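Feature annotations, courtesy of TrEMBL:
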TRANSMEM  B:20-39  transmembrane segment
DOMAIN    B:20-440  domain 'DUF112'
TRANSMEM  B:45-69  transmembrane segment
TRANSMEM  B:109-141  transmembrane segment
TRANSMEM  B:147-167  transmembrane segment
TRANSMEM  B:200-223  transmembrane segment
TRANSMEM  B:320-343  transmembrane segment
TRANSMEM  B:355-374  transmembrane segment
TRANSMEM  B:394-421  transmembrane segment
TRANSMEM  B:472-492  transmembrane segment
Amino acid sequence: MRVRIFAAVAAMSALALAGCGGGGAGGSAASGTLRIMAPASPGGGWDQTSRTAEQALKSAAPDRKVEVYNVPGAGGTIGLAQLAGEKGNGNLLMTMGLVMVGAIEQNKSKVTLAETTPIAKLTEEYEIVVVPADSPFKTLADLVAAWKADPAKVSIAGGSAGGTDHIVAGLMAKAAGVDPKQVNYIAHSGGGEALNELLGSKVSAGVSGVGEFAEHVKSGKLRALGVTSAQRLPDLDAPTLKEGGLDVELANWRGFVAPGGLSDADKKTLTDLVTKMHDSQAWKDAVAKNGWIDSFQTGQQFADFLSAETARVKGVIAELGVVS
Amino acid sequence: MESFRLLIDGFGGALTPVNLMYALIGVTLGTLVGVLPGIGPAMTVALLLPVTFTVPPTSAFIMFAGIYYGGMYGGSTTSILLNTPGESSSMITALEGNKMARRGRAAQALATAAIGSFVAGTIATGLLVVAAPAVVAFAISFGPEDYFALALLAFTAVSSVLSRSVVRGLASLGLGLTIGLIGIDQQTGQARLTFGVPQLLDGIDVVIVAVGLFAVGEALYVASRLRHTPPEVVPVGRAWLGRDDWRRSWRPWLRGTALGFPFGALPGGGAEIPTFLSYAAEKRLARGVAREEYGKGAIEGVAGPEAANNASAAGTLVPLLTLGLPTSATAAIMLAAFQQYGLQPGPQLFDHNPALVWSMIASLFIGNTMLLVLNLPLAPLWARVLRVPRPYLYAGIVLFAALGVYALNGTVVDLVVLYLLGLLGYAMRRFGLPVAPAVIGMILGPMAEIQLRRALAIGAGDPAVLVGSPTAVVLLALAAAALLTPVVRTVLGRRKLLRTSRED
């Protein structure tokens, strides 16, 4: 008997911790608890961004209650569909990014970003192209030459099909004059799994976020052929893809959107709050600690950026042939 | 020797009252979430991630490691007592463990699980100290063709021992393989068998399948027979392991550890496969009484798999700490926790933060001991759960199963899937199909498929890559042996029979 009561209490508290609520009725942004939806499982990039934002908001606006909850699934499109159902709710933000733009195309999501209110772009992380230390490819040009000779012989490991890593591989192929559909892309559930095959020299090359591979580039186990930033990164000895002759630039960005149908006042309140958070020391420290790049953008600027990214990603995803 | 000096320092760091408290919280929480179906260590650590903002790193990792080990142990309790595994890694434990419980040997099954977990956890943590570089080299050398061969070996080993009827076993396996197909195909990004339901795009979580087929299915089956059969009188039996139990347990513990540790270090190896292999190996090796008892509650079938799943938890830490390579869901979340502290696990972690790493390893020894101290005296108490009237007991199981599954993703779709699988599990019991092959198919099928396609893609379509590595050749040979031995034995037996009849 005692055992079961104990278990019941534990389950209840676990459920409470999970914090899976239905989301309150629409309210004015000036009051009430601000909820931040991380449309992914705990532990990933969006979750980390959401929870870091929660902490920074608590220090920047101590009188405002903030709460993070997770809605995982399908590259964030499940969360997006839920956000669409919260029309006019000024107390809700959703963390999202480049991966969601791809997932919307790939999964043919009924809800798109057009049904949201863009609030702010927060951070960027660049991608890196690496080969195993014992690879015959010394430079990007070597890789491209082999690629042009026979795309099937050059296997490229990275994250999920249609994700950021795959998009980078596709853009590189296009820039090199290789048909993106011919790219021999070996999809993995994440950068970690791909790392294993790179360290074991099972694949020709790999693409992932700089953070995933940087440590191994520094220790000499992997060789960096290029990063997807415009300029070289400050703390990593690696050329850009542009220097190597491929005109590819891409940042894995993350930001906030709010539900559609927001009043101008609510939109302004949310934007001001996020701006205040961005200016806080807590946020700056967290950005530095996580190796993110601050790319803060709000209002029309962010809205324009979103539509430009949507168009670009749509094109690549179609060319890669991964639309379901 | 350097390692041992550092380890002693680590004990110094871990044995503070505050850290001991965190270790206790960790193992207690871990055991609890292990017991509750659906809620696993990965989710628990994830939900506790925000503590990294306030708690010092050593304490946080001590707690997380406790949850991980505790979860691996706790899952066995419900498997044994109620035939409802709390985690997929303790599914195999249910096969013999629950039969033991029904024969009044619940306390012995729980005790061999607890001690086996302790032995495996301690040896594996010791291996983590001395053998980490070798294990990492092995893990990295493992390519897609090796994984494919491994999956084939697991398939053949398991299917040849799990079911008395081959056809029924295969039917169940087929069901599992089909469930495993649901979701986005990783290699091409195409959706399969999702019927336009976006919640199915990521596939069905193996936890939902295990809980649905085992826990809900079992509850429905028990409920359906409640009025027809008088309640089975389950004797609680004698507590503690007898001399004979010790004699029969220690070898499976060691073999389970040997299987579990390297598998934990493999990305995609997981805690499940070594439990399958351990079960299959113990069944093959069983002689005498054990051979007769297999399928009716042999202690070897509990001792081996339970040691294997705990050893795999320690194995997981090898690539995580040395390469920053997470090989299980829990490890992936622990990696995120490292990053929250601005630490990057990898080649440099041991040099840059030796105090943290060695305190954590020391805390694993401490956590393991705590688990044993906590759980061994509880074994006879847990066994009394069987005296709770069945309607209350199984209603509680269904409730917790639903709570746990809902807590996974917070979607109603998962609940619908859970109950549909529960009905399937009921039907399978009703018509005599074994449930375990379905879950095994669901775990191994997608792995075999993706690794086969990866191997072929990397080899530009040349099937010769599948036998291109010595590891793969050895694994395939073992698989062939597992498949052919019974056939050969039958043929030989028949020939012998013929010869004797001719001589007559």
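Yeah, the Cβs are placed from backbone N, Cα and C, and that goes for glycine too.
Cβ atoms under 8 Å from those of the transmembrane segment (B:200-223) belong to residues 37-38, 40, 78, 82-85, 87-88, 91, 94, 176, 179-180, 182-184, 191, 193-194, 272, 390-391, 394-395, 397-398, 401, 404-405, 408-409, 413-414, 417-426, 428-430, 435, 438-439, 442-443, 446 of the same chain, restricted to positions at least 6 beyond its ends.
Counting Cβ pairs under 8 Å that are 6 or more residues apart, the transmembrane segment (B:20-39) and the transmembrane segment (B:320-343) reach fewer than 3 and are not in contact. Across B:109-141, B:355-374, B:394-421, stretch B:355-374 shows the highest tally of CB pairs under 8 A with the transmembrane segment (B:45-69).
Sequence-distant contacts of the transmembrane segment (B:355-374), counting only residues of its own chain at least 6 positions beyond either end whose CB sits under 8 Å from a CB of the stretch, comprise 6-7, 9-11, 13-15, 19-20, 23-24, 26-28, 31, 57-58, 61-62, 65-66, 69-70, 73, 114-115, 117-118, 121-122, 125, 128-129, 314, 317, 321, 343, 349. Per-residue confidence over the domain 'DUF112' (B:20-440) averages 82 (mean pLDDT, predicted model).
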